[in-house]
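A.B. asks: Sending over a structure as structure tokens; questions will come in a sec.
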Amino acid sequence: MTNIRKTHPLMKIVNNAFVDLPAPSNISSWWNFGSLLGICLILQILTGLFLAMHYTADTTTAFSSVTHICRDVNYGWIIRYMHANGASMFFICLFMHVGRGLYYGSYAFMETWNIGVILLFATMATAFMGYVLPWGQMSFWGATVITNLLSAIPYIGTNLVEWIWGGFSVDKATLTRFFAFHFIFPFIIAALAMVHLLFLHETGSNNPTGISSDADKIPFHPYYTIKDILGALLLILALMILVLFSPDLLGDPDNYTPANPLNTPPHIKPEWYFLFAYAILRSIPNKLGGVLALVLSILILILMPLLHTSKQRSMMFRPISQCLFWILVADLLTLTWIGGQPVEHPYIIIGQLASIMYFLLILVLMPVASTIENNLLKW
């Protein structure tokens, strides 16, 4: 008799995705982040659900409802901090996952890659709206500043911003709709993630060498299930250390002050995972130019398959490209640091140089380096 997991219509899908899936024998721990992102998403949906049971999306009570969750709800504090820091872990995994894709040439699977870029945008939108919900000072002013950027769009900008706000400023209508969107988006992300996997399983996984692994496959279970469980345990360990020892490490103290439209905080800045993009936005002294650079800083990922000039897929055997990749990582860390600094000398010029370097590396230096490597190998 055939095993039920191979015949049952539902279990057959799960079996082909997580049990009998042929996987390359040499994929490293950099391939763990996909499953970790799935775990992060499930964790965020569950903690978010319990938070939504006690949260009120109203300007008069939002801030105090979050305080109520932390003080009066059984284990409310741990649910709240797991949700807030879970977002940070989510973005750490996202950046690692995208970085892995860039390094090993995973963007050659164009459908998978493009869905991934859409997933990145959707996750960033969700995190932004979630940051507005506690209705602290940074929530309010962050929402005001970021939504205001849309007013830079010619002709329709102002109308668009007022339409998103549901009025002439960030107010009750804005908070209510942001809560509604913040609740629905993770489910859209989950659906997109399934499409992401669907496209991935059409081709199979890439591997560190970038060479076809069809000649050497192993079953996903038990080899990669156990590897994913180890990754998950390490992720949860890191998250719980953050939650239990320094839950406010990555937060902004200004968000413990209730939102006040009459008092602007001295330094308006987003959560740490948006700082690199915020630094690029600020480095251009023109509103529309800044907004375009901000969008392009992430949209540039879609161009990666077109910018790939090397005859090899992976960077594993390309030392010049490796150097440029790690310079890009250092550049992004520099931008993240600059995004959290006030707009004054020398931070302005450092931010501008780092922004130029970011686009220069991706659009010019890396494709040129790949061509040089081809010539060195006489290809």
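Cβ atoms here come from the backbone N, Cα and C positions, even for glycine.
Relevant sequence annotations retrieved from Swiss-Prot are reproduced here:
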type	residues	note
TRANSMEM	33-53	transmembrane segment
TRANSMEM	77-98	transmembrane segment
BINDING	His83, His182	heme b b562 binding site
BINDING	His97, His196	heme b b566 binding site
TRANSMEM	113-133	transmembrane segment
TRANSMEM	178-198	transmembrane segment
BINDING	His201	ubiquinone binding site
TRANSMEM	226-246	transmembrane segment
TRANSMEM	288-308	transmembrane segment
TRANSMEM	320-340	transmembrane segment
TRANSMEM	347-367	transmembrane segment
A.B. asks: Please list residues from the chain of His83 (heme b b562 binding site) whose Cβ is under 8 angstroms from its Cβ, counting only those at least six apart in sequence.
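C.D. replies: Once residues fewer than 6 apart are set aside, His83 (heme b b562 binding site) is near Gln44, Thr47, Gly48, Leu51.
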A.B. asks: Using a 10 Å cut-off, grab the number of neighbouring Cβ atoms around the Cβ of His196 (heme b b566 binding site), all chains included.
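C.D. replies: A 10 Å sphere around the Cβ of His196 (heme b b566 binding site) contains 21 other Cβ atoms.
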A.B. asks: Between His97 (heme b b566 binding site) and the residue listed as 'ubiquinone binding site', what C-alpha distance do you get in Å?
C.D. replies: 17
A.B. asks: How many Å separate the Cα atoms of His182 (heme b b562 binding site) and His201 (ubiquinone binding site)?
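C.D. replies: Distance between the two Cα atoms comes out at 29 Å.
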A.B. asks: Let me spell it out: for each of the binding-site residues (His182, His201), count the other Cβ atoms within 10 Å of that residue's Cβ, using every protein chain shown. Which one has the most?
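C.D. replies: Per the Cβ count, the most surrounded site is His182.
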A.B. asks: Report, as numbers and ranges, every residue of the chain located at least six residues beyond the transmembrane segment (347-367) whose Cβ falls under 8 Å of a Cβ in that stretch; write 'none' if there are none.
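C.D. replies: Sequence-remote neighbours of the transmembrane segment (347-367) are 279-280, 282-284, 293, 296-297, 300, 303-304, 307-309, 321, 324-325, 327-328, 331-332, 334-335, 338-339, 341.
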A.B. asks: Given a Cβ distance threshold of under 8 angstroms, which distant residues of the chain, six or more beyond its ends, lie next to the transmembrane segment (226-246)?
C.D. replies: 29, 32-33, 35-36, 39-40, 78, 81-82, 85-86, 88-89, 93
A.B. asks: Looking only at Cβ atoms, how many others are within 10 Å of the one on His97 (heme b b566 binding site)?
C.D. replies: 20
